[in-house]
Amino acid sequence: MRATGLCCGEFVGNSLLNMYGKCGGVEEAREFFESMTHRNVISWSTMVAAYAQRGDHDQALVLFQKMEEEGVEPNEVTFLSVLDACANAEAVEQGEMIHRLAARKKLDVGLIVGTALVGMYGKCSRLIEARQVFDGIVEKDVVTWSTMISAYAQLGHVREAIQLFGYMNLDGVRPNEIILMSILGACSSAGALAEGKMTHELVVICGFGADVSTGNTLIKMYGKCGDLASAKAVFGGMERRDLISWSAMLAVIAEHGHCKDAFVHFRRMDLEGVKPDYVTFVSLLDACSLLGALVEGNVIHTRIRAEGFQSVMYIENSLIDMYGKCGSLQAARGIFDRMSHRNVITWTTMITACVQHEQGKEALELFEEMEKAGVQPDQVAFLSIIHSCSHSGLVEEGRIYFLKMVEDQSFTPGVEHFVGMLDLLGRSGKLNEAEELMEFMPVEPGVVGWNTLLSACKTHNDTERAGRVAGGMLVLGPGHAGPYVSFSNILSGKG
């Protein structure tokens, strides 16, 4: 059209813009947009939407600002697109500015813009503001309810999600599958079994129970909530199953320590002709690790090679873990050395295996190599290296690593790291330092921490300090008689 010199009206121009945008030609759309002699709100909204749909959120926001500067009044479609850009970019400050503009036009209480605002605030983790907008929307549909409930669920506010779901039912709005899956996901994360069972009942009532993806979500939810029997019941009642169904059930069985059942389940998969993926093999290797089943682990490793998954990093990390826990440090190290790429989990798993096999020197060398390779250690890596120093009697090295974690890293030591230091100091007889650490540590030591120091007192026959420690454990309240028994044994010399 441009080649022939023909001009086009707003309707045709906007249609061309829409076509370019939906076909992924955002640059062509922008070039055409800039060439248009007459642009209305639809032109601007279409261009903003094109950027937002491509994921170019910054450009969508810049164009929206330019639209305002040129005096073009945005409509509901414009607000929908630009709020979507804010949500995906987590640009809450720009979102708040757009909210104020929408409020001046009284669009924030309407269905379309109101729901978009709820979604934007939810994705930016601003639940208070999301709920305020939600409560102000005059007429809500199932998408509005779903958006607010999903925001609660995704941010771990299970009770609020369930409560709002109840209000939705009272309002006569029939739930959709998205709402129910959001609540089930929240129940999984929070381990909320009672709420999960209630949601399961609603899934059946609403007619979504026969869906394969719903069944898979239910299996995972029951597994995370510790109800193996219900997970098996869901799996057994599914009319159709896919690979995810089989792998999810296998993972749940393995996580509950029923390792032999996991192998039976895997054989049943084979008989049913279901081809395993790497997730299946990770679950099987976890089962071998828990059971200490080296023979079965070797068999699974052979099958992994046959299926071509031997170079998948998740698999390699699981193999290192399995061989380490099954007593074959040499096999674990062989896999580690052959890996072309290693992440922090790889290094940490190998270090932990060395610690478990009392190879403190090798663990320390690996830790140094990891840092030289530019891999930043995580909490688990530091915990493993502190344990290694403790069991190897390397007090100064342990102190250095602990201080490095406190000073150089981007995370705060947890109670387990402080307990590891208590063990390190206690084993080496530095009970004064251990007691000082206990007194000034910024987290509650808990039963394990107190017992660690008390055990050190017992080892070094320090009855006076043991008495102070046992007295200090009064903060734990009734039901913790162990320390008093231990203290009594120390006094009587029973060991």
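Backbone N, Cα and C atoms are what each Cβ position is placed from, and that goes for glycine too.
Sequence annotations record features per position, and here TrEMBL assigns repeat 'PPR' to 40-74, 141-175, 211-245, 343-377.
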Quickly jot the same-chain residues contacting the repeat 'PPR' (141-175) by Cβ under 8 Å, restricted to those at least six beyond its ends, or write none.
111, 114-115, 118-119, 121-123, 125, 127, 130-131, 134, 182-183, 185-187, 189-190, 192, 195, 198-199, 202, 206
If you average per-residue pLDDT over the repeat 'PPR' (343-377), what number do you get?
94
When the repeat 'PPR' (40-74) is classified with DSSP, how many of its residues are helical, how many are strand and how many are coil?
27 helix, 0 strand, 8 coil
